[in-house]
Amino acid sequence: MSSVLTQPLAFHPPRPAVQPREHGRWSVDEIEALFNLPFPELMHRAQTVHRENFDPTRVEFATLLSVKTGGCAEDCGYCPQAARYDTGVEASKLMEPAEVLAAAQRAQAAGATRFCMGAAWRSPKDRDIEKVAELVRTVKALGLETCATLGMLEDGHAQTLQSAGLDYYNHNLDSAPDFYGDIITTRDYQDRLDTLARVRSAGVKVCCGGIVGMGETRRQRAGLVAELANLTPYPESVPINNLVKVEGTPLANQADLDPFEFVRTIAVARITMPTARVRLSAGRQQMGDGVQALCFLAGANSIFYGDKLLTTGNPDTEADVTLLQRLGMSRSAPDVR
C-alpha cells in the first residue's frame with residue numbers, strides 16, 4: 001500500500017477587488033466590491049489605511065447637545081423629533097447661552113474636545129442663526145472645537161456661523177439617492193447637497209455621514225459611501241449611525257442590521273475617505289463592546305459620548321472610558337487638521 005506525502009496548502013490571498021487610489025471618483029460598483037471582500041481582507045485593508053493617517057490607539061471624544069428639541073416639520077422616518085409622529089418627545093425652545101455654557105463646561109471637564117449643538121429645524125431663520133452664533137461664541141471661548149447641526153442653510157447663514165467661530169457644520173446625506181425617497185419626502189437630496197456647498201464656500205469644515213439599518217440593501221450602503229467619498233473634498237468628519245428604532249416612528253419595527261455589516265460600512269468609509277474622522281454615532285448602546293472594538297479596528301476614531309444623543313440613549317461616559325482602557329486605547333487631543 002503506497003503512501004502519499006502531502007504538503008501544507010499554501011495560502012493565496014485574494015487579489016484586491018479595488019486597487020488603492022490617490023485621486024478620482026469612486027463608482028458604486030467599486031465600493032460594493034469593497035463591501036464584498038472577505039471580512040479579514042477588508043479589515044486588514046481598512047486598518048492599513050487607518051495607520052497611514054492616524055494613531056490607531058487614539059479616539060476623539062465629541063459631545064452632542066440638543067439646544068432646541070422637537071417640533072420639526074420634516075417627515076424623516078427615523079426621527080423622534082418630527083412633530084407628525086407620536087414619540088413622546090416634547091418640543092422646546094432654543095436654550096439660553098448660560099445653559100449651553102454649563103453643558104459645554106461639563107463636557108470639557110469629562111474630556112470632550114468637540115462640542116456639537118443640534119437644533120430640530122427644517123431650516124433656521126435669520127434670527128435663529130444670530131442666536132446660534134452667540135452660542136458658538138460662548139462655546140468657542142472655552143477652547144473647544146465647535147459644531148452645529150441646524151437643518152438646511154440659506155445664503156449667508158454659514159458665513160455668519162463661521163464669523164462666530166464655528167469649526168464644523170453637520171448635515172448628513174442619510175442614505176443613497178435611490179433609497180432616500182423611502183425615508184424622507186419633505187426635503188430632497190439636492191437640498192442637502194446645496195447646504196453642504198454653502199458650508200464649504202464659507203470656509204467651515206464639513207461633518208457629513210448617514211444612517212444604516214433602515215432597510216437599505218448593501219448596494220445602497222455602497223451608494224451612500226460613494227456620495228460621501230465623491231464630495232469635493234470629502235468630509236473632514238463622517239458620522240456613521242446605526243438606526244435607533246423609536247416607538248412611534250415609521251421605522252420602529254425595522255429589522256436589525258447584521259453587526260458585521262455595520263463594521264463593514266465603517267471599514268469601507270475608512271478606505272474611501274482615508275483622512276476623515278470616522279465617527280461611531282447613534283446606535284452604540286445596542287452594539288456592545290465587541291462590535292465597537294471591531295469598529296475601532298476597522299478605522300473608526302471618533303465617538304459621541306454622554307448618556308444621550310439628542311433624544312436617544314448612548315453609553316455613559318464611564319463605560320466609554322473603561323472600554324478604551326480595556327483595549328489599550330485613549331482619547332485623542334483636539335483635531336488640528
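Keep in mind that glycine also has a Cβ here, set from the backbone N, Cα and C atoms.
For the [2Fe-2S] cluster site, Swiss-Prot lists Cys116, Cys147, Cys207; matching the candidates Arg45, Arg279, Arg284 against that entry yields Arg279. Listed ranges 1-23, 300-322; the one Swiss-Prot annotates as region 'Disordered' is 1-23.
The domain 'Radical SAM core' (57-284) scores a mean pLDDT of 90 in the predicted structure. Sequence-distant contacts (6 or more apart, same chain, Cβ under 8 Å) of Cys116 ([2Fe-2S] cluster binding site) comprise Ala62, Thr63, Leu64, Leu65, Thr146, Cys147, Ala148, Thr149, Tyr168, Asn170, Cys207, Phe304. Of the listed binding-site residues Cys72, Cys76, Cys79, Cys147, the Cβ environment within 10 Å is emptiest of other Cβ atoms at Cys76. You'll find the Cα of Cys76 ([4Fe-4S] cluster binding site) roughly 21 Å from the Cα of Arg279 ([2Fe-2S] cluster binding site). When the neighbouring Cβ atoms lying within 10 Å are counted for each of the binding-site residues (Cys207, Arg279), the highest count belongs to Cys207.
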